[in-house]
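J.: Below are the structure tokens for one structure; questions will follow.
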């Protein structure tokens, strides 16, 4: 009996010892797994010892970094190596011996490899997080065998393929995050697979399907789902039905932005938990459900921007809203008569009308208020008294008039943009007393007098020493007077200084060279005299002092800028070793610019297209620093909340990453081509944007200098140059070569669509192609890219916010690609990426120069003067191109000399940039027409249209202006002095015609002989007919018939 008791006691001791011991199999599995891991800082393996270093091989290795054991059984239950700077190709099959592993978390490293099916054999796993790495391949179907799994995060990797079936088996799953991969599947089928989940983030993938689903498809998650993010996918069809959306009783966050969801929104009924609703960048239309703006739904954030909503918004009585974005829709009527509560309000890009002063009645006290690009009128209320917290104010591009109100109190204004209105009178002194102001844009108004200064020399243009934060000052296109003071150098942080198109005078102070951060300086179209100061900031990428009365020698450090930075005007300004500028056509005649609307048009390109966009992003970048994430992804998990701070960046990557000889300065500010709120408001909800994450892994976030110049057209400095006027966006001068850095295939989620079978290339080949900037336009930026085989392409990057939805874009691109004509440069392909800044058009690169270069480039003269017969040949070939397009009911839409290329040796015409408006949103088309109008090529009927769109007859008008330019060798933007005062080109030609002196208009280079004088007069008569009123204007076939009948 005693032997039996002894045996039982020893057996119990052995059993107890084994229950608290790690097995050798587990240790060996761990050590095998370690072999694939490297520390990126030391390039060594992670410091796990082998079993020989353990005092007792059966002891749990709790001292190994990231390893945890069960205190009761001793088995390894957790491997947590989050954000340790590790890399390596992991072999997940080596973990099969860890049969009791509960937590495997490897996020935020640089691991790669495939997730093998055997991982599904570790049925004890409860938490699996492989996010923010480089894992690739399909998600194995056996992952559905992890019965105990409650948290699965595979986001921000390179997984691809279909969504695996069998997720219905994961009854314990509460959080599913697969965002930023290449996974596809029908969202309706996926909803059917999920059971009891609370958090679902499938954003930035390729999921498709609609949301108008039967109740049985969503019944398994309708009671539990709290957070749903399907943004940046390819969803189409309708939104949830009224019945189905009403079944989600616990839903807190819904983000479906950047899809193709269409139709009207249903009534939302009772949604007691809904706090964030983001439906921006879809195809929704109809009325905005009123309950979304009332307190019945406790929304904190509502973003319906960039859709097609219509109707009026009478009142907004929600007491919970902190962010409301209804921008870029078709909303109309008066501004809401009441607005209870909100911190960020964006109603821009609609057609709201009425008196802007109604905002004084609002109870809301916003930090950010954007009412830009509407039809508002009336006078501006004093916002410092109405909104004490206001830091960002934009009312640009309206019809608000009267004098500017004074600002006072403890306001902390960061950005004020009142450009493109009808303000008059003096600028109040108080605008220059807010030390926090970083950006002030009062351009394109009717302001006069000096820029005020609180000091003894108030009559001069001075800058306050107490104004250290100013980074952008744009007062262009007004009637300001006075001198530029010597102490302007106190604006130490200024990056953009635009004082063009005013009546400023005096000499340029030498203290301009103290503006060490200056990137853009435009002092053109004033009456400055004297010499240009030496040693201006070397990093400037936009510089223009043309149309002044400067003299002396151009400083050596400025001689890399093109001639259009200095001329026309400045007839006494010279450059050693070069022929002086031809001043015979000098446009700096006294009083020229202030007596003509065209000088104002020219400045629109800088002040409107660039500054207005950029200002809005300065503004929001500042505002975002004051907002906190109130609801992060990790609310539904046990992860550290610090992880999502990277999604709060204000910058977004450009498709092209430049590396050039232009020095780039760092800045605390970041600028984006996207909208004021839609790009960055996701930080409020903790929902990441695809773009923000790419800047983490794919390319550095764009700094202020880079995007500053993308959005702010250079005033003929290094970055771009003029085609007929000093501020136009034509590609007259090339930049230094830069590298075209498209995301490589392992990161490039979009597709190349070929419209011509003869073109064959891959995204990888495009990504490594050396490229140089050719120019910028209202559409975006133009590059020349050289492929591996030497073939050269012209790549047009389309600016964010201009492009139609993918289906419409593809349909129209196919039509444009089908156009085949010997004088038309064909569209060969296009690239469509998941991010808005990834829209590219590809065509063959042409050797040759634009018609604008042949007509106007004279410093030095690079081209022989064109004869009348050569000019007539150009006109006929352009008309033939237009006839081809018009026969297919497709207007060119952007016809100007910079889009007419003359190929050697016989100056054969090749037309470019045609029909691009068909790929653009209505706002993008309107912006293109605005720029056409600024340059003088837009038909008058387009300027007065509420929703302008290019027509066949507007092409004829533009052709008529170009024909006048061919015959007169004067630019459409020229201001010409005559007996009746300063007039533009078309008015001058009409006047000459009325007075019977047509030959006075003809260019001296071709008007000398009598042989072709009748032909020249006949051609000029054709041009005049082309610019008649739309009802009297001939069609292009009639124009071509007349031109071909002229002898030359």
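Every residue gets a Cβ built from N, Cα and C, even glycine.
So Swiss-Prot says this about it:
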BINDING   774, 775, 776, 777, 778, 779, 780, 781, 782, 796  ATP binding site
MOD_RES   744  phosphoserine
REGION    696-733  region 'Disordered'
REPEAT    148-169  repeat 'LRR 3'
REPEAT    172-194  repeat 'LRR 4'
REPEAT    196-217  repeat 'LRR 5'
REPEAT    224-246  repeat 'LRR 6'
REPEAT    250-272  repeat 'LRR 7'
REPEAT    273-294  repeat 'LRR 8'
REPEAT    320-342  repeat 'LRR 10'
REPEAT    365-387  repeat 'LRR 11'
REPEAT    389-411  repeat 'LRR 12'
REPEAT    436-457  repeat 'LRR 14'
REPEAT    517-539  repeat 'LRR 17'
REPEAT    540-560  repeat 'LRR 18'
SIGNAL    1-21  signal peptide
J.: Taking a Cβ cut-off under 8 Å, which residues six or more beyond the ends of the repeat 'LRR 10' (320-342) line up next to it in the same chain?
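T.: That would be 275, 280, 288, 293, 295, 298-314, 348-356, 358-359, 361-364, 366, 370-371, 376, 675-678, 681, 684, 801, 923.
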J.: Helix, strand, coil: count each for the residues of the repeat 'LRR 10' (320-342), based on DSSP.
T.: 0 helix, 10 strand, 13 coil
J.: Let me check the 10 A CB neighbour count of residue 780 (ATP binding site). How many other CB atoms are there?
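T.: Result for residue 780 (ATP binding site): 23 other Cβ atoms within 10 Å.
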J.: Neighbour count first, Cβ atoms within 10 Å, every protein chain included; then name which of 774, 776 tops the list of binding-site residues.
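T.: When each Cβ's neighbours within 10 Å are tallied, 776 leads.
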J.: Which residues, given as numbers and ranges, are at least 6 beyond the ends of the repeat 'LRR 7' (250-272) yet have a Cβ under 8 Å from it?
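T.: Contacts of the repeat 'LRR 7' (250-272) (Cβ under 8 Å, skipping residues fewer than 6 from its ends): 203, 210-211, 223-242, 278-289, 291-292, 296-298, 303, 631, 678, 682, 685, 687, 805-807, 836.
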J.: Looking at the repeat 'LRR 18' (540-560) alone, can you tell me the average pLDDT?
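T.: That region's mean pLDDT is 90.
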J.: Neighbour count, 10 Å Cβ-Cβ cut-off, for residue 782 (ATP binding site): what number do you get?
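T.: Taking all protein chains shown, residue 782 (ATP binding site) has 22 Cβ neighbours within 10 Å.
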